[in-house]
Each structure stands twice: as structure tokens, then as C-alpha cells.
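J.: Pasting the feature list from Swiss-Prot:
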BINDING   378, 382  Mg(2+) 2 binding site
BINDING   378, 382  Mg(2+) 1 binding site
BINDING   530  Mg(2+) 3 binding site
MOTIF     378-382  motif 'DDXXD motif'
TRANSIT   1-36  transit peptide
């Protein structure tokens, strides 16, 4: 099948890369976002020719900071023209047939005398099936079968690990590492001591000098297992260091192949910054290559066929949802707010990359709406708004009434009204799912968020650089993790009673860690550009202030060490045994955190969305996989 030709909207001409409208008129704002409930004439804020690289004087004489962000990459006309032949009506019957066939495979490897089962490798077969359906993004169809398989494997688990088959006395590294990872992620209690027996007399993981494919696969599974370590697990830290070095060396010696591509992907996108849909697309491509080389077994061929069908059916749904998102964005008047980053397509890519359940369209679309407003507020508080205007807006949000717009400057009125309407609309949606009013949760999160941003705006206006601790405490909130997570997860078809919500929302340890990691990671990617715009305070500058004589490299090393430590703590908060709060409830918030981290892999992938992020949009949303 031919590949879609992707034609992003070309960058618009601009004056010193300032906030220029699509008609090339130097206007920061042509009209407010919304006129709902208001009768007013829009008043534009026009940039004069008096500009520097980071400031501009508007025609009302106000000196404003600017972000110099590139324009929207995805034209609405292009989005509305998307089409796919892979809708459920065309491919749903084929998918159901394949689902039934894969369930039969699960059943046959679970039979004592089944044709696909052998006492020599039955445990590895169960683990491989579970791992494959999860990496291929089709596990939602097989939750019962997965539970049966993992219960079976766990019944043979021992303090010395397991071998590939229940009759194999000696444990092997590959099966033990894969089993450790899969079992821990599903809430089974496993301890890392199982890896001690694989060490040599020098305390290192024992392996031969010959890098066979089997040995490399074993070390790859060890690396994947090491990424879900808890803070106190020294052996897992050692395993990560060893396996990372081993795999990097292997990439230099083995030929380019599906195995080398799998290794490169896993090293590049560690579990905490991986998007499940990108992993699915990558793994499909890897298995397709193996299928071409005729190295796939019958079971995996069937899984691959189902994965391709499911990927493309969801791709059809993605394009329909993206049309709704783009239409909403266009009709809201947001394109006229030319001082903000327009990243609605990128936000949709994030959320559809972490949740591929077809029935959750409402969740995905409303997640984009929340993130869109987070971006508007971010750019307004970070750059465009004056400190007096921002204080007025913060007070208006606390008041939470349409009449609060009376005191706002004209360009803020539309922002406020649309924010007010959207948050209330989302609260009504959440009420349907949760059976109770959740507006107060949303308002509290929003007020805290704007309060943290106002504090940062005050730091900018006075040139104040806080202590590292003061900055990070505020940054956990201004990272927007809480506001981007709270309302969307309440619209899922998952109950979040108060006792569950308090384990993932503020002031829980889970929320604290997620916000901290996002702030720390974001600053390491953004501090140089932020500093060029006049934002001196960052984790890096605050650390250097607290530690006279330290360099930027010292600060980055310290912060990266903090991130690694906090990732392990977040692992524990997600996976720790808790009868009252199931892993499945926390996983939704955790996956949003993974998605947000993904966009800071190389740089600030939201602000600079015309490189890796653009490719991600194409690969996971716009293009189907070849059938």
C-alpha cells in the first residue's frame, strides 16, 4: 500500500520571528478566543517595529517578552483531508477472527498435553506470549489469558529464578530476567536476589566472550528488567550498568539487523520515556523484517498479523479524533493567539500514544483541550503577560465567575472565558464517570498551577534567583504534571474514589515525584533557550548559586543523578503492594508522565516540534503500517 504523503504547514513569514498573524500583519492578537457570554469588540495588541530578540513593544506602549516559537506545523485543511480504509467496518471482522485464533494459542500452551507446549520451554513460551502481546499493543484483548499464563509461571518461580521449562532444574538468565520484569509489572512479588547466582567470582554477570544472539537477547532482557528497579536494589543498579555497556558494545560488533534495531530502540527509549504506541510501531517493523527473512514461528506470525490490523484500525480512529481536535482548535479562535505555541496535534499524538483503548475517545480529546490551555497559560505567564496583568488573571481564576473578566485586559478575556467553559465542561464529563462532582479538584489544581507560574513571573520581573530547594518545590507544580493529569484521568471509565485519588494526586508521594522528575528533566533540556529569553532561574542556575564554583556540567550531573534516583522511587510508588489502590489505577497517571517525559528525550519536543516530534506524529498517527 502506498505511504501517505505528509505535507505539514510551512512556516509562516514573520518579523524577527515574533508573534505575527497568518495574514502577515504584525498583530499579537486579532481577536479573543471566545465571545461566549460577552458582547465586546475585539481589541488587538499590535507589535510595533521596536523589537529585540526577546521583547517587543505593543501598539498600546506595553513592553512584552516574546517566545520566538515556530508556527503550527499541521494545517487544518490537511488534517481534515486525512482518510483511512482501515475502519472497524472494513477490518473489524478480520480482527475478531484473529483475536479468537490468538486466544486459542494461549489455550494450547496452557494445556498439559497441548501441541505447542513442552516441559522444556513451557515457562518461556508463556512469558514470551505475554511480552509479545504487550509490546504489540494488543494485550487488552487477552487479560484473562495473561493472568492464567502469569499465575502458571509464578507457581514455578523460586528464589533462584526459573529456567525455560518447568522440568529444567537450572535457572537461565534470559527466562529469569524476562519473568522478573513481566511478573513485577503485573504486581507479583519478585526479588532481585534471583540475579545473584548469575554473577561470577568477581561479582559480575557471567557471560561468554562470544556474543551469540541468544546471549545478547538475555542481556537485553536483563537491561529491560533493570529499568523497573526500586531505590534500594543494588543488584539491579549493577545490572543496568553492566547491561548498558554490554549492549552498546554489541551494537558496534553485530551486523545491522532486527536485533540491533531492537537494542538501539530499548537503549534510546527507556521505559520511563517510552510511548507504548511508538514501541508497538517499532516492534511491528522489527517482526515484519523477521517475517521477510522467514525467521518467525507460527505463533508470532499470528500475533504480528493481528497487531498490524489493530494498529491500522486504531489509526483510522486516531485520524477521526484528530479531525475533531483540529476543528475545535480552529473554531475556538486559538489560531489568532499568535504569541502561543500551537501544538494540538502533538498533544494528541502524546495521548493516543499512551492510551489505545478505542472507547476512550472522550478522554483523549479532552486531554488535548487541557494541554492546549496549559500551553496558552504557560506562554502567557512565561512571556507575553505583564506582571500586573498576570496578577489580575490569577485573581480572576480564583474567583471563578464569568463576570471576573471585567478587570482583565482585552486579550485575556477570551482566554479566561474559554478556560472557564472548558474546565466546567470537563468536570461535567468527569461527573458521569465518577458519579460525583470533581470541579473543586480541577479548580484547586488550576489555582496552584497559576500561583506557581505567577511566582516564577515575579522572579523574572525582579531578576531573583531562588535557592535550588525553593525553585524545585515551586517547579513541581509549574511543571503542569498535576493539571495535565488530574481532570483527564477522572474522565476515564475507571473509578477513582477519594482514597485512590489521594494516592496519585497532590500531595501524594506519587504526584510529588512525577512533578519533580518532569521539572528536572525539562530544565536540563530548556535552560539555555529560557535564559536567552531572560528567564534566569532554572534548576541549573539555582544549583550553581547554592554551590559557588560549580559549573553547568556539575549541575547537570547532579540533576541527572537526582532524576535516576527519583525514577526508582516512582517505580516503587507505582508497583508497591497495595490492596486498596490497584496498579491499574495508578498506571493511567504514570503513563501520562511517561508521555510527557518522552517529549524531553532530546530537547523540548513541544517548543521545537519540527524534528523528532514531527517524525513521531507521522509514524504513530498519520501513517498506517503496511499490511
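Each residue, glycine too, has its Cβ placed from N, Cα and C.
Since the structure is predicted, the reported quantities are computational estimates derived from the model, not experimental observations.
Relative to the rest of the structure, where do these features sit?
T.: If you draw a 10 Å sphere around the CB of residue 378 (Mg(2+) 2 binding site), it holds 20 other CB atoms from the protein chains shown.
Look at residue 382 (Mg(2+) 2 binding site): DSSP puts it in a helix.
Sequence-distant neighbours of residue 530 (Mg(2+) 3 binding site) (same chain, six or more apart, CB under 8 Å from its CB) are 538, listed in sequence order.
Among residues of the same chain six or more beyond the motif 'DDXXD motif' (378-382), those with a C-beta under 8 A of the stretch's C-beta atoms are 65, 67, 69, 339-341, 390, 393, 412, 415, 450, 453-454, 456-457, 480, 533, 535.
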J.: Give, as a single whole number between 0 and 100, the mean pLDDT over the motif 'DDXXD motif' (378-382).
T.: 91
J.: How many neighbouring Cβ atoms, not counting its own, are there within 10 Å of the Cβ of residue 382 (Mg(2+) 2 binding site)?
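T.: Step by step: centre on the Cβ of residue 382 (Mg(2+) 2 binding site), count other Cβ atoms within 10 Å, giving 18.
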